[in-house]
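Here is the structure we will look at, set down as structure tokens.
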Amino acid sequence: MSVKTKEKEMAVTILYEQDVDPKVIQGLKVGIIGYGSQGHAHALNLMDSGVDVRVGLREGSSSWKTAEEAGLKVTDMDTAAEEADVIMVLVPDEIQPKVYQEHIAAHLKAGNTLAFAHGFNIHYGYIVPPEDVNVIMCAPKGPGHIVRRQFTEGSGVPDLACVQQDATGNAWDIVLSYCWGVGGARSGIIKATFAEETEEDLFGEQAVLCGGLVELVKAGFETLTEAGYPPELAYFECYHEMKMIVDLMYESGIHFMNYSISNTAEYGEYYAGPKVINEQSREAMKEILKRIQDGSFAQEFVDDCNNGHKRLLEQREAINTHPIETTGAQIRSMFSWIKKED
């Protein structure tokens, strides 16, 4: 069903528990390939939803014992793929093609369902399944630990549901039921396409959530410290307080955030915001989106993976040693409510 607001009907279709049939996924064997952030959440939530699930891992995986202790059936990847009707691939994007070719492809049977939580490899053609299998996606809009936590607390994280290939005629029934199994139907399942999920997800990560946000925070911190302000104060102003502002926006929108801050801060938002995110920034965003759409970014990422992640590791080291990180570690050690890393 479509969801209506007071102003207009939303362009997307959102489905809830009453709109899906749990018996579909409960009547199928599911193989979860991988037991990382999303893998553990999918496997445990499905198991708790009464689904026959097994986890496929490489021999000697450090996650093998962890999954078994959680009550899951654990096998090697080939066995999981051979036994399953629905094979959910939840290893990292860059190794999915290799895992698919070496452990999954030979075990696919007509009528099986190949599933993903991100459309990267299907959309860009790095994995090309046979025509006689379903290809679906259940993409929770949150990290795995949140997907699991929300499920155990009785709620759920919204899911995107997509069908790329419907070989059996009931691929939509399967993906919607799968989303129910991981808790998505509790908060809403949004119908989308593989192209929409892949391109919008990558753009959001690069231009706003990860790339844009990190560079904005770094630039603010560097501007203040280069002007002679103490790094500790710069950290508080440009980094620490960010969560509080985002929480207000997340809970009730930008208007509520503006209601909650001072008039001085709100006026500064309107004055300075367009100077920081200006037409040049918007043109850069358009170029980022274009490179995502035409596959240039995907190929660059794959090339770097094939080169031993050279660029990724260099950039990771640079941010890990940036003054904002060393300052942040010192500041956060003062906060008793922040859980310390082991």
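Counting begins at 1 with the first residue displayed.
Just so you know, glycine gets a Cβ as well, placed from its N, Cα and C.
Positions annotated as active site by Swiss-Prot: HIS118. Annotation comment: Swiss-Prot describes TYR35, GLY36, SER37, GLN38, ARG58, SER61, SER63, ASP93, GLU94, ILE95, GLN96, GLY144 as NADP(+) binding site. What Swiss-Prot lists as Mg(2+) 2 binding site is ASP201, GLU237, GLU241, and the listing cites sequence analysis. According to Swiss-Prot, the Mg(2+) 1 binding site annotation covers ASP201, GLU205. The substrate binding site annotation in Swiss-Prot covers SER262. What Swiss-Prot lists as domain 'KARI N-terminal Rossmann' is 12-192, and the listing cites sequence analysis. Per Swiss-Prot, the feature domain 'KARI C-terminal knotted' maps to 193-338.
Positions of the features from Swiss-Prot, shown on the structure.
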residue : record                 : CB count, 10 Å
TYR35   : NADP(+) binding site   : 27
SER37   : NADP(+) binding site   : 16
ARG58   : NADP(+) binding site   : 14
SER63   : NADP(+) binding site   : 17
GLU94   : NADP(+) binding site   : 17
GLN96   : NADP(+) binding site   : 22
HIS118  : active site            : 21
GLU205  : Mg(2+) 1 binding site  : 14
GLU237  : Mg(2+) 2 binding site  : 13
SER262  : substrate binding site : 9
> At the Cα level, what's the spacing in Å between GLU237 (Mg(2+) 2 binding site) and the residue listed as 'substrate binding site', rounded?
Replying inline: 15
> In angstrom units, rounded to an integer, how far apart are the Cα atoms of GLU94 (NADP(+) binding site) and GLU241 (Mg(2+) 2 binding site)?
Replying inline: 35
> Using a 10 Å radius around each Cβ and counting other Cβ atoms from all shown chains, which of the binding-site residues ASP201, GLU241 yields the largest count?
Replying inline: ASP201
> Of the binding-site residues TYR35, SER37, SER63, which one sits closest to GLU241 (Mg(2+) 2 binding site) when you measure Cα to Cα?
Replying inline: SER37
>> Here's one to test understanding: among the binding-site residues TYR35, GLN96, SER262, whose C-alpha is closest in space to the C-alpha of GLU205 (Mg(2+) 1 binding site)?
In response: GLN96
> Near the residue listed as 'active site', meaning Cα within 10 Å, which of TYR35, SER37, SER63, GLN96, SER262 (binding-site residues)?
Replying inline: none
> What Cα-Cα separation, expressed in whole Å, is found between SER37 (NADP(+) binding site) and ASP201 (Mg(2+) 2 binding site)?
Replying inline: 17
> Hey, how far is TYR35 (NADP(+) binding site) from ASP201 (Mg(2+) 2 binding site), Cα to Cα, in Å?
Replying inline: 22
> Which one is it: of the binding-site residues ARG58, SER63, GLN96, SER262, whose Cα lies the shortest distance from the Cα of ASP201 (Mg(2+) 2 binding site)?
Replying inline: GLN96
>> What whole-number Å value do you get for the CA-CA distance of GLN96 (NADP(+) binding site) and SER262 (substrate binding site)?
In response: 49
>> Mean pLDDT for the domain 'KARI C-terminal knotted' (193-338), rounded to an integer?
In response: 96
